[in-house]
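**Q** Found this in Swiss-Prot, in case it helps:
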- 215-222, 551-558: ATP binding site (BINDING)
- 183-459: domain 'ABC transporter 1' (DOMAIN)
- 518-734: domain 'ABC transporter 2' (DOMAIN)
């Protein structure tokens, strides 16, 4: 089949050909797969990809031929009645009997006939066919997993505009008006790089609902979002999709214009509208000149009039679509979104190539919010934002009228934004009404109920089995025993509810030292002379300090931490430290400090030599890196697992003070809870920078604000600081 498709459709994208070939071979193997459905699917795929009609017809003919051959060689399995074999079969060895003997519906004790020649009631040919059928079903699932993996591992490289137009086709006819924007897809199988992500899962998303997708690190949440964004999972084409996954590519386009250009169809329609308007103007002039010329050919006039009428109709469709897109308010909407995400009016006019990676990520988010897709997919949006920007995004999304599916570890953000929670685990998706706090409470209760039901069912089955074992050979009770055997066989297979292991982090005990511990006195700092980053900073860190530092990105928070650990030196002022003070510093980009070609155990031994393997293992185990995980190369670990190795490095330093720069990035909820508990138990001082409101609220007793080159104590809690930020932000709602 592969050769036929390749030879006839060489001009079609190789990824499409690969998918069609695999799907066709898979369907031919599967005795349950309907031929009409397969042929129709492959035909439409090839035609949409630009294949010639006659070439597609040849492929269709070949498919029909192969399906016909399959049907001719496929006999129906007979499971009822006895069939006398044409020849007897020697059954001297039980090990030679097929494992599918149970298919015949009756049992016999083979040991009782060992050494004798018996006439089997099993038709060998039909038994082999049954085995092939079972094997084909298993192969089908494996093959589909390989195709899903290949499509995700090697995605097509397209520009943003090409990808947008391919994923979100334009409808000018209005045929999609009134269609439901709800999504309901059953039987989803998804794999990535050979690992099963979902098996037979159901995805249900209702318009106007905002879903938080939660689950442990490495469970496949980001993979699911990517599959949805590429329509690997069959989302109806009238539903527009946008996924904020990676930073945009920088060029000379101003930031504001790049947001406007994100709505590709709006840009295309405006250009088309201008072309049509110019052409209509030209036609009117030509008609006017023809009307003055008595010798002019009337056929030319009629042709121009027909063209004018057609262009008038198309122009009307375009204007209606632009009105539906709220095109006249586009620039003000884009500017407001950018302002909410921290872009000043001056920054909005800067070329996108002048922004750093973090700011380009914000631009990607702004572009998605501006487009207002029917399905907005956000993957850890708070990782790229500061507290003021998170507050703006949270308020903005609460007025969003379409579907939002967001992956986030920020509990406070999910509590404010999410109307529902989807819990991804064990290759399935479970749904919960309410925000994250409600989900957390409900899940605990649901798990307890499932465990109670499982134990109850197991007790019932044990009771049935006990009766069967006792009376199955008792003549008086044999009928009752047989009845219970049938009842037991009809019961569904039970799987014990899976409980997720609780993660625990543990920092070592702290040796007490007398104050003063760590101080900054009238510190000023400049990277470039004449451009101050920090001015007149005074801060005192004690053994019982729990200081949270917040403020806009780029305000100097990380710079202040680097001054405290003497990675940077002040332009003026004094940073004083206790002579015996040990500080453990967690860098925001901690992955850069790890040798990813080593395993965690070897890395700790290399970085902190002189200790035994057991001590290294103990420190890694204190942060959930144990067993085989400690021996895996760190390049194969997830972001959260790498963070755990970094925390283990902190523990080996036996610190008096922990200085943490965005420690919650990449951690799942369970790891965040473990880190929160560990920081609260830590007996030394803590100063940390974080955008996670819930983490700050649970670990910090004082909030310091870094803004406009000044670091000052905020008089209030982190929640009050967030409200203060919102009061300074532009208001923005979504047009209904």
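Cβ coordinates come from backbone N, Cα and C, glycine included.
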**Q** What is the pLDDT of the domain 'ABC transporter 1' (183-459) when averaged and given as a whole number?
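**A** Averaged over the domain 'ABC transporter 1' (183-459), per-residue pLDDT gives 87.
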**Q** Using a 10 angstroms cut-off on Cβ to Cβ distances, just flag whichever of 221, 557 is the loneliest among these binding-site residues.
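**A** Minimum Cβ neighbour count within 10 Å, taken over the binding-site residues 221, 557, occurs at 221.
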**Q** Including all protein chains displayed, how many Cβ atoms other than that of residue 217 (ATP binding site) lie within 10 Å of its Cβ?
**A** 20
**Q** Determine the Cβ neighbour count for residue 555 (ATP binding site): the number of other Cβ atoms within 10 Å of its Cβ.
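**A** Here the count is 21.
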